[in-house]
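K.L.:
From TrEMBL, for reference:
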- D261: active site (ACT_SITE)
- R100, D172: substrate binding site (BINDING)
- D173, H285: Mn(2+) binding site (BINDING)
- 81-329: domain 'Fringe-like glycosyltransferase' (DOMAIN)
- 30-78: region 'Disordered' (REGION)
Amino acid sequence: MPRVWSGWSAFWKPLGQDCENISVQGLGERQLGTGNAPAAADRAANDAEGYRGPECPYPRVPRGREEEEEQPVPCPQPADISPRDVFIAVKTTKKFHKARLELLLDTWISRNRDMTFIFTDGEDEELKKQARNVINTNCSAAHSRQALSCKMAVEYDKFIESGRKWFCHVDDDNYVNVRMLVKLLSSYPHTQDIYIGKPSLDRPIQATERISENKMHPVHFWFATGGAGFCISRGLALKMSPWASGGHFMSTAEKIRLPDDCTIGYIIESVLGVKLIRSNLFHSHLENLHQVPKSEIHKQVTLSYGMFENKRNSIHMKGAFSVEEDPSRFRSVHCLLYPDTPWCPTNMVY
């Protein structure tokens with residue numbers, strides 16, 4: 001039997017520094033086209049030379065009143081990718097190694113160790129024995145804008161070093177259905193500018209960037225919430241290099257005073273002019289997870305759990321374990337997707 005944990009104390013995710021909860025516009029200094037871009041930026045032009053197909057609009061979630069007219073998106077050819085082409089970064093903190101990570105290690109990570117990279121803020125020898133790729137970022141353990149951006153900066157650099165085709169970021173309260181993730185990404189060429197995920201807001205976020213000492217410029221852009229997970233193609237990631245590689249990501253985040261997932265959206269949408277591709281297959285704890293249809297659970301890319309409107313929030317399904325045994329429902333989802341897992345009950349009807 002797997003480890004069973006029925007407490008909800010670790011389910012609460014601090015929201016004070018999440019981009020969705022910022023009420024004050026960020027104030028920063030714009031730094032575009034200054035300094036020497038890293039070599040990755042020079043490689044981007046060649047790496048991004050790829051498929052240009054007939055125009056076809058992707059289905060999108062309505063962006064609301066403030067939606068601007070979008071340019072048609074080239075229709076991609078199916079790409080031949082394998083799980084080893086995908087770099088999944090899991091952001092966590094040492095205090096959640098047992099409360100959250102053990103659940104992921106027992107479930108989806110157990111079948112995808114080679115493609116999963118855990119980014120944390122403290123040494124843990126036991127974790128290293130269980131997980132193949134553990135990176136101590138040496139970032140602060142605080143849930144602050146600076147600490148979150150520090151970890152994202154390390155995630156970005158490690159992805160570039162890996163040479164893989166796709167960068168996907170998730171949190172330690174996400175279940176990743178890797179088969180569906182790979183299927184989704186195979187619809188897009190990794191050499192093109194692809195940024196895919198799910199916003200948690202119904203409007204673009206407003207921020208302010210400082211152009212000069214006495215001149216500020218308002219900006220607004222969409223971003224995919226890190227709490228649901230998002231993916232970026234290698235072609236686009238290389239173009240982000242002047243604002244994301246090395247220490248650039250943290251300085252960019254400070255210049256607009258926004259957290260990590262918002263800063264990703266700022267670089268991609270506001271600076272590079274690439275639009276977010278929305279997918280309802282990604283899910284965060286910031287939405288009512290009870291609304292995910294039971295019949296569609298196996299088709300989702302990511303799931304989450306936590307609190308929503310001061311109530312326990314997880315997907316609603318009849319599973320292999322009771323809610324008390326499996327409050328996140330991740331174990332039940334895992335048994336639905338992988339019934340051959342040794343600790344899953346046999347002959348279970350979902």
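Along the chain as shown, the residues are counted starting at 1.
Placement of Cβ uses the backbone N, Cα and C atoms for every residue, glycine included.
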K.L.:
Pick the one among the recorded positions D172, D173, D261 whose Cβ has the fewest other Cβ atoms within 10 Å in this structure.
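P.N.:
If we count Cβ atoms within 10 Å for the recorded positions D172, D173, D261, the smallest count is at D172.
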K.L.:
Please name which of the recorded positions listed here, R100, D172, D261, is nearest in space to H285 (Mn(2+) binding site), Cα against Cα.
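P.N.:
It is D172, whose Cα lies nearest.
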K.L.:
How many whole Å apart are the CA atoms of D173 (Mn(2+) binding site) and R100 (substrate binding site)?
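P.N.:
Between the alpha carbons of D173 (Mn(2+) binding site) and R100 (substrate binding site) there are 7 Å.
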K.L.:
If you measure the residue listed as 'active site' to D172 (substrate binding site) at Cα, how many Å is it?
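P.N.:
The Cα atom of the residue listed as 'active site' is 15 Å away from the Cα atom of D172 (substrate binding site).
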K.L.:
Need one number: mean pLDDT over the domain 'Fringe-like glycosyltransferase' (81-329).
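P.N.:
So the average pLDDT across the domain 'Fringe-like glycosyltransferase' (81-329) works out to 95.
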K.L.:
What's the number of neighbouring CB atoms sitting within 10 A of the CB on R100 (substrate binding site)?
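P.N.:
For R100 (substrate binding site), the 10 Å Cβ neighbour count is 23.
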K.L.:
For H285 (Mn(2+) binding site), what is the tally of other C-beta atoms lying within 10 angstroms of its C-beta?
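P.N.:
24, counting other Cβ atoms within 10 Å of H285 (Mn(2+) binding site).
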K.L.:
On the three-state reduction of DSSP, what should I expect for D173 (Mn(2+) binding site)?
P.N.:
coil
